[in-house]
Amino acid sequence: MYPFPASGRKKYFQPVIVFQCWSLPKLSIVSSSVLDGYNGTVMAYGQTGTGKTYTLGRLGEEDTADRGIIVRAMEDILAGVSLESDSVSVSYLQLYMESLQDLLDPTNDNISIVEDPKSGDVSLPGATLVEIRDQQSFLELLQLGEAHRYAANTRLNTESSRSHALLMVHVKRSVKGRELAHSSQNGNSTNIAKSLRPTLVRKGKLVVVDLAGSERIDKSGSEGHTLEEAKSINLSLIALGKCINALAENSAHVPVRDSKLTRLLRDSFGGTARTSLVITIGPSPRHRGETTSTIMFGQRAMKVENMLKLKEEFDYKSLARKLDIQLDKLIMEHERKQKAFEEEIERITTDTQNQISEAERNYADAMEKERLKYQKDYMESIKKLEEKWMMNQHKLGERKDQMASTAQEVAELKKLLSKETSLRKAAEEEINNLKSQLAQLKMSEASANSESLKLRKMLEDEAYRKEKLEGEISMLQTQLLQLSFEADETRRRLDRGGPGKVPGDLDSLISQVRPQVNDSVNEEKASIANLFEQVGLQKILSLLEAEDADVRIHAVKVVANLAAEESNQQKIVEAGGLTSLLLLLGSSEDETIHRVAAGAIANLAMNETNQELIMSEGGIRLLSITAANAEDPQTLRMVAGAIANLCGNDKLQNKLRGEGGIKALLGMVKCGHPDVLAQVARGIANFAKCESRASAQGSKTGRSLLIEDGALPWIVQNANNDASPIRRHIELAVCHLAQHEVNARDMITGGALWELVRISQDCSREDIRTLAHRTLTSSPTFLAELRRLRIDY
C-alpha cells in the first residue's frame, strides 16, 4: 500500500494477494479518501471459490472479527460523517448476463448506464438510492441485496456467484472549521456576506466490486443455463483484462465499451478514483494455471496509473432554500402589514363617510330651521310694518307734526328690510349649493346604473355563447352517431366482401367492388381521424358515460377504432380511456358494448405497461365475468384475446391465475367456435411459455398452474386439432409444459407423452419438432417411461 497522494498527482493500483483472508486494515485508506472528497474503488479478482465474496461481504454477525471489507469500510465512513449535515446513500447492483439489475428492487432488472460526454463520469439514474443513518440499517440492506443475488452449485464452489456485484456508497460531507477557513477566498467578509456564503460540500464515491470468479468449464462442470452464465462471466472478465493491458501499455485505444462491466469501472482504471485490487488465489496445486493468471493480472494492474481528483462544490441549493424561506417570511410579513394598512384605510374611509353624511344631514336640518325662522321673522316684520303703516295712515291727518319721525322710522324699517333680504339671499345660495351636491349624487347613481347595464349585457353575451356551445355539442354528437353508423355499415360490407371462395362468374364483380370497399375503409379512418382532431379525445371519452345507450355504443366503437392504431394507444391510456373502458365493461349489460370494449382492451393489452394497469384495476375479474355471461362468439373471441395477451407477462402469472383468468379461458372452450378456441390456445401457450422460462431461471417450483387448474385434458384432446392455429399453439404449450421435470408424471398419466412423441415426429414446423425432440431426450422421466413401454426413441 502507498501513502495517499495530493490531488492531481499520479496514483497506482494497490493489489493485495489474499489466501482466503479478509483482514486488510490498509484498505481503510480508500474509505478515508472518500471522506476527503475523492472517489475510491475496492475490487476483488480471482478464480471461483477462492474467497472473494468471503473477503468483501462477511457481515460478522456471530463474531465482529469476521467482518468483511464492506462492513468495515462503512463503519469508517459513518464514524467520519455527521448525520445532521452530511449524508451517506447506497446503491447495490449486480451485472448478470450483461443485464444490470437492482438488488434492492428486483423488479428493476434493466438499468441503463449514462455517460457524461464532457467529463466521462458514469451514472445510473434508474438505480435505487437508499440513505443510510446507522450501521444496522446498512447490514439489513446488505442482507436484502445478497438474498436477490444469483448463485449456483458447481464442482468448485457450492455457492458460486453468477453475477458481478457492485456496492456504490455516495458520501456528501460539509466542510467545517479549519477546512472551511482554508477554502474561503476572502477572510475579511462582512456579516451579510458570511450569512450568504454557501456551505462547501465534498462528494466522494466508494465502489466495492465483487467480481464473479473465472472458471474453466472442464473443472466446474457447468452445463445448461449455468454454462451460459459462465460464458458471460468469462467474457466480461476478458474485456476487463483487455482494458487493463491497454492501460498498462499506454495504448491509444482502451476498449471500455466492450462490456458493461468495463463501462461501470471506467473511473477505477485510468480514471480519477483511488483503486485497491484484492487478488484471491487457492492453495491447491491443481489450479496452478489459474493462480499464475490471477497474479499476472495483478502485476499488469500495478502498471495502471490513475489521476486523483478532489470533488468539492458549494451547496448553492441549501443557500437558495434558506433565502427562499427568508423571502417567504418577508413576503408574509409584508402582506400582513399591507392587509392591516388596507383594513385601517377602509375603516377610516367608512368613518369619514359616516361623519360627512351626518354633517350633511345636520347642516340641512339647521339650514331648514334657519330658513323657516327667517321666513317667520320676515313675515312677522312685514305684518308689523303693515300694521304700523296702517296706524300711521290713520294717524297721518292727526299727527302731521310727527312726519319727520315717521320718515326716520320708515328708513330704519327699510334698513331692516334690506338686511332681511340679504339674509334671505344667503339662505337661497346655501340651498342652491345643497341642490348642486344632490345633482352630483344623482350623476354618481346614474354612472353606477350604467355599469350595471354593462354587466347585464356581458351576462347576456355569456348566455348566448353558452347556447352556441350547446348547439355545437349537439351537432358533434350527431356527427359521432353518423360516423359510428357509417363504421357499422362499412364493417358489414367488409364482412360480406371478405376473402373466401367465390364462383368464377362473380370474379369480375368482386374485383370492381373491393376497391370501393377499401375506399370506404379509408374514408372511415379519415372521418375518425377528422373527428379525433376536431372534437378531441377527452370529449369522445366523456361520451362513454352518456345516458343515451346509442351514444355510448357509438362512442365505444370510435374508441375501439382509435385503439387499433398503435400511435393512439398511449394517448388513450393517458387520457383515462382504459379506466373508462373497464368501468363500461363492468357497468353495461349491452352485448355490443361488451364485444367492442373487450376488443379495445385486447388492443391496449399488447403493451406491457398497459397490462399491469389492467391487472391493477381488476381487469381480469371484469373480463372473466363478461366471458361467463356472454353468448356471442365474437364477444368471447375478444375477451379470450385480451386474456391471452395478459398471459404473456411473466410478472402477472400468479395474480392472473388467482383472479380466475385460467378458469375463464377454459370456460370459453364450451363455445366451440374455432376463432374462440384459437385465442384460448394462444393464451394457454403464452402462459406455459412464461412458466417454462420462470422454471429455467429458478424463480418457480412445483407443478404447472395450468395442470392444477385442469387444463391438461383439453390440451391433450386438441393437440391434433384440424385447425392449424389451434394445433400450433397447443403443440407449443405441450412442449413448454414438458420442459419442467415436475410436470412429467402428470403428463404421462394424462396421455400427453404420446402427443409429445407425435409432435417430435409429425409436426409440420421444424422448430416445434426440434423443441419436442430435445425435451424428450433431456427428461429422465420420459425416457424411463419409453423404455418401460419398450419404445425405441
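Glycine too: its Cβ is placed from the backbone N, Cα and C atoms.
As annotated by TrEMBL, ATP binding site applies to Gly46, Gln47, Thr48, Gly49, Thr50, Gly51, Lys52, Thr53. The Cβ of Thr48 (ATP binding site) lies under 8 Å from the Cβ of Thr154, Leu156, Asn157, Ser160, Ser161, Ala212, Gly213, Ser214, Glu215, Ser220, each of which sits 6+ residues away along the same chain.
Long-range contacts of the coiled coil (331-369) within the same chain, counting only residues at least 6 positions beyond its ends with a Cβ under 8 Å from a Cβ of the stretch, are 427, 430-431, 434, 437. Marked as coiled coil by TrEMBL: 331-369 (among others).
Positions annotated as coiled coil by TrEMBL: 410-486 (among others).
Under the heading domain 'Kinesin motor', TrEMBL lists 1-304.
Remark: secondary structure over the repeat 'ARM' (535-577) totals 35 helix, 0 strand, 8 coil, with classes taken from DSSP. Per TrEMBL, the feature repeat 'ARM' maps to 535-577 (among others).
Annotation comment: TrEMBL describes 576-619 (among others) as repeat 'ARM'. Averaged over the repeat 'ARM' (576-619), the predicted model has a pLDDT of 81.
The ATP site is defined by Gly46, Gln47, Thr48, Gly49, Thr50, Gly51, Lys52, Thr53, and by the 8 Å test on Cβ atoms against their centroid, the other residues of the chain that qualify are Ala44, Tyr54, Asn157, Gly213, Thr280, Gly282. All protein chains shown were included, and the count of other CB atoms within 10 Å of the CB of Lys52 (ATP binding site) stands at 27. Listed in sequence order, Leu156, Gly213, Ser214, Glu215, Thr280, Ile281, Gly282, His287, Glu290, Thr291, Thr294 are the same-chain residues six or more apart from Gln47 (ATP binding site) with CB atoms under 8 A from its CB.
Shown in sequence order, Ala44, Ser161, Ala165, Asp210 are the residues of the chain, 6+ apart in sequence, with a C-beta less than 8 angstroms from the C-beta of Thr53 (ATP binding site). In this structure, of the binding-site residues Gly46, Gly49, Gly51, the smallest number of CB atoms within 10 A of the CB marks Gly51.
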